[in-house]
Amino acid sequence: YGLWALGGPLGLHHIYLGRDSHALLWMLTLGGFGAGWLWDFWHLPGWVATANGAGVAGDRGGTVPGLSPLRLVGQVMVGMYFGLVAALGLPWVPALLAQPLAVGLGVQLVSSVGDQTAEAPSILAAAFLASLLFQSRVLGVLPVSLAASIAAQRHRRYKPRGTPRPRLAARLYHLGLACLAFVAPLACRGLCGAAGALGTLLALPRAATELLLLPFRTGRLLAEILGFAGSSPVRERGTGFQPSGWSERRQRAYEVLGLPAGSSAEDVHRSYRELVKVWHPDHNRHRAKE
């Protein structure tokens, strides 16, 4: 009861009682979405008695466990949950592969809780067939999970008795690997989203500055085009804020236009218009290369 109260949503009491499948299910769903953790309170005495060997049934032979509506509902819900997690955490994996595999593993996990289990190949086959029918749409996770759950109920059976239990270190190692496989894609997706959001936040001040300066730059550019303002003398001489290569290109432009360096924008426009008329291709077909 102490483990149930302190670490119930993480399945610590199930680990103590040797119910590893139930513990993993609680780890990945935080105690069956909270409701399962509270429901465990009334079942702890029976689970403790089973762990101590009291009231354990003998060889069941080929008997089939009774149909449990609660287990069926849990299979459908956990299958849908795993399918949605796969769609969010594994967008680069084809949906025809990621969705049915995740749904089948979720249904199989619920099927393995307690003294029961089911045939995993049958569950996965039903999930993949249903996924093909619904073309792996996100809303198709419900019928895929339902088909896999029905297959699990049809192929349910008891776990064999007398199977040696691994040591605690090996059990914790396997549980840790399963949790890592479930959480790692979601964590990677979350980090990528956080990095994108951080980049957007860092770019906001620069964007705001550019937006504030836009009217001034637009007015200055319009004044230069209309000839009311010329270029800065500092930039025309190629010193200060402009590199030396800019002054060489500007000097070459003045030479082509036949103007002295530092001519006004009005002189540049007038010379350009005159030279365009002279050098138009229609007037110089015999001098195409030049």
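Including glycine, each Cβ sits where the backbone N, Cα and C put it.
Since we're looking at a predicted model, the values are computed, not measured.
As written in TrEMBL, here are the features:
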type: DOMAIN; residues: 252-290; note: domain 'J'
type: TRANSMEM; residues: 23-42; note: transmembrane segment
type: TRANSMEM; residues: 78-103; note: transmembrane segment
type: TRANSMEM; residues: 123-147; note: transmembrane segment
type: TRANSMEM; residues: 168-187; note: transmembrane segment
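Per-class residue totals from DSSP over the domain 'J' (252-290), listed helix then strand then coil: 26 helix, 0 strand, 13 coil. As a whole-number mean, the pLDDT of the domain 'J' (252-290) in this prediction is 86.
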